[in-house]
Amino acid sequence: MSPRPLKVAVTGAAGQIGYSLLFRLASGSLLGLDRPIELRLLEIEPALKALEGVVMELDDCAFLLLAGVEIGADPNKVFDGVNLALLVGARPRGPGMERGDLLEANGAIFTAQGKALNAVAAADIRVGVTGNPANTNALIAMTNAPDIPRERFSALTRLDHNRAIAQLATKTGSAVTDIRKMTIWGNHSATQYPDVFHAEIGGKNAAEVVGDQAWIEDYFIPTVAKRGAAIIDARGASSAASAASATIDAARDWLLGTPEGNWVSMAVVSDGSYGVPEGLISSFPVTTTDGDWTIVRGLGIDDFSRGRIDKSTAELADERMAVKQLGLI
């Protein structure tokens, strides 16, 4: 008897990240080759025609694991019974838009989606937010889903985590598989703090292997933090395939667990650990087991790291205050 299909919702499914994501999901990249997937795809009404074309392509791939596809514009229907919701769709910042305008536009989207998930999602729902500003969008969705445990919401900082590993591998001539215990702290924004001081390369402290504090401060941290802007500058469009890949990485490790002796970066609701204000959705080093995450405890934070973490969490606190003033949480 074949296992019950995992019902996976994807919002913004006709967008660039969605287009890169859906075929990976359907081919088994999330849970392997023995767990069928049922896709529930949400889009705004004007994009449903394009989404129909994407579904035609999914059909034409004849994926062995794809148990079904449903599409629609009503989150209360699309989210019905879903086990995993990947909230990819978000309003991009347009010309003349201030930060408050962006938060307000996305607030309406994630308020509605949070309420719909609260009403109709499966009891074991996990919610991953990729659409930016991801941390605060996740906070809005979480606040509007009071019956879903807060620990079931996470925002994507795995892309930053992966970018940091890639930069460190290039610098040291290492394989990405040699690098463990990378950490992204704070917001998925230019204030994020990629922390090499607890990372390891081949079992050795990464900062010591690099042996170049100036490179860490002046090149590594800004390169990781501003990588998205560099990609837009180079290709004329935002990172889509890498964001989709990181979305799958994050969901897979959340559901299946992190490897022994390693951790990953997830933006999750703070319990006050490491001085991050309680209730903020901030990135931490976490381990995962059976769909539950635990913040890694006991890491030493020096003055340099403390300043970086505090700067990013202050930005998150400002965003929380802004959406509170807008009545979104």
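Glycine is no exception: its Cβ is also placed from the backbone N, Cα and C atoms.
Long-range Cβ contacts of His188 (active site, proton acceptor) within its own chain (separation 6+, distance under 8 Å): Asn132, Pro133, Ala134, Asn135, Ala155, Leu156, Thr157, Leu159, Asp160, Ala267, Ser283. Taken from Swiss-Prot, the feature active site, proton acceptor covers His188, and the record attributes it to sequence analysis.
For Gly12, Ala13, Ala14, Gly15, Gln16, Ile17, Gly18, Asn106, Gln113, Thr130, Gly131, Asn132, the entry in Swiss-Prot reads NAD(+) binding site, with the evidence type sequence analysis. Take the CB of Gln113 (NAD(+) binding site) and look out to 10 A: across all protein chains shown you find 28 other CB atoms.
Positions annotated as substrate binding site by Swiss-Prot, on the basis of sequence analysis: Arg93, Arg99, Asn132, Arg163. Spatially close to Arg93 (substrate binding site) yet at least six residues away along the chain are Leu102, judged by Cβ distances under 8 angstroms.
The distance from the Cα of Arg163 (substrate binding site) to the Cα of Gly131 (NAD(+) binding site) comes to 18 Å.
The Cβ of Gln16 (NAD(+) binding site) lies under 8 Å from the Cβ of Ala237, Ser238, Ala240, each of which sits 6+ residues away along the same chain. The separation of Ala14 (NAD(+) binding site) from Arg99 (substrate binding site), Cα to Cα, is 25 Å. All protein chains included, Asn132 (substrate binding site) registers 21 other Cβ atoms within 10 Å of its own Cβ. Here the binding residues for substrate are Arg93, Arg99, Asn132, Arg163. Their largest Cα to Cα distance works out to 25 Å.
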